[in-house]
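Asker: As annotated in Swiss-Prot:
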SIGNAL    1-21  signal peptide
DISULFID  30-52  disulfide bond
DISULFID  37-60  disulfide bond
DISULFID  41-62  disulfide bond
């Protein structure tokens, strides 16, 4: 029973990891949150502020 439980937990963990990694890929350059997007905009001198937009918040939009 313990082996079955361990295999089930590993499969669930693997499925969640694969699902999460597909959504977390920053396709337009938006890292994790609006704060990091704004920091990236300032560091790269694209603008003063930035926020994540798009259907899954994967695009970082910078503005002056």
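Here the Cβ of each residue, glycine as well, is placed from N, Cα and C on the backbone.
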Asker: Could you measure between residue 37 (disulfide bond) and residue 52 (disulfide bond) for me? Cα positions, answer in whole angstrom.
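Answerer: That comes out at 7 Å between the alpha carbons.
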Asker: Do you know which of the disulfide-bonded residues 37, 41, 52, 60, 62 has the most other C-beta atoms within 10 angstroms of its C-beta?
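Answerer: When each Cβ's neighbours within 10 Å are tallied, 37 tops the list.
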Asker: From the disulfide-bonded residues 41, 60, 62, pick the residue whose C-alpha lies nearest to the C-alpha of residue 52 (disulfide bond).
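Answerer: Spatially nearest to residue 52 (disulfide bond) by Cα position is 60.
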Asker: What does DSSP assign residue 37 (disulfide bond), in three states?
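Answerer: SS state of residue 37 (disulfide bond) = helix.
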